[in-house]
């Protein structure tokens, strides 16, 4: 028997833009008030029955032609995008739909952009809640009022300010490749993003938001939401946690089938599939929050998707957040589920032994997302695993550092660095990058690589000798001093010269070292093709070693040529290459190596 399940809704957005406050308003509980700094600390799930939506939405429900058949909405209260990234189902996102909360006064922030990128990559449809309209100067507040009613009560100036802020948001979405508009102006919901102006604090606009979520889910996701009620359950672990009297439990979102209290389940572990039998199924009543510590769980016989459920069972200590849960009713199903889970873990948790970065993340889903981003940017991975950054990770990065310094690093998403790991990293110079925004984490790493390459280039440039060919002026007037040191006027014919380089004659004989270069009245550190300068040559005597009108060459070592060809190729311009070829011709008289240059 098939029926439509509740859509699973994720709430994303930047810190303090109002994600938890919005869910509170829908739930009429006050979770945000209990959280440290008003920020959601844990992952939770809340079931909102369709009756509650209808009561909140009132006459607005009639905006949708035909009856809404959904049993309700299942909200995941995520700490921003990290949890969304972690929560996967069969390679895609667990969420059917998302609400992106944006503070209309602050606009786009780093985690807003990260959230949009994640939603785009997962192809998850979303609605925008433009929050905190109550902070617009002079905004008249009526609690829980539909936005379309509330806007009519505002004066012209407040309405105009809202309009300006909305257009700023619409412009930002356009820059990211999305057509967006205020929800009541949207012509086609498949092509345009709907923006609902709301005040999560006072409930303004929340009725429209709920109607849109329910209506869009019904209209566009109906086929996806059809489940086989009697089929074996599938879900994703939100969190693994200790509960007094129950031991290690897992909070799970069931998105398919029905889970029974005596079912055998297969769960994703650190490097294995865990097979265990359910001891108790604990389900909160609608409108109560899984993660509320004051809540006493009800034991239930079965749970049908979509639902948030706590499972108590033996052997869950090594279960991984973000990994799959599959119910199995026969030995054959157990084996099949084990293979499926193992292949999923093995595709994400990797150890190649090749030169590449070390990647650590808090859950399987976030590890998969981070690895994917790195692969798209052609950054090789040596090891990708779940868990905090350990001393072993640092030592492995150290071995890579010896082969290729730019990959001898550890990247950690939403994880801590163990104390001993930090000590070794500092002592041995292994960079550790951590953060909770994937693109920012990769950006920081790329900026470091760029900085290191620039530093290396500067070091090489200071050590390497560039090719240069000069000609002494034929007129004796340009011989300013004959010796100790010889000072002569020259023209740079090809390439460049710097103080400290040795000069050689046409026959390869060394004549002296350039001590200084003077351009008119100033001493300079470099002279390039076409420049006329005076140079002081230590060790040369005019008339004995060098003569007016003579061509001289900057002496190069084989090492100079190798560095220039391999590491500083982009620093050589056309005239440098000409100078190199001319010098190679001179040096080839004594060493066949130079014939190949």
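Each Cβ is built from the backbone N, Cα and C atoms, and glycine gets one as well.
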Residues flagged as region 'G2' in Swiss-Prot, choosing from 28-32, 33-37, 38-42, 43-47: 38-42
According to Swiss-Prot, region 'G3' applies to one of these ranges: 65-68, 69-72, 73-76, 77-80. Which one is it? 77-80
If you run through the region 'G4' (131-134) with DSSP, how many residues end up as helix, strand and coil? 2 helix, 1 strand, 1 coil
Restricting to the same chain and to sequence separations of six or more, state which residues have a Cβ under 8 Å from that of residue 133 (GTP binding site). 104, 139, 147, 162, 197, 198, 199, 204, 205
Looking only at the region 'G1' (13-20), how are its residues distributed among DSSP helix, strand and coil? 2 helix, 1 strand, 5 coil
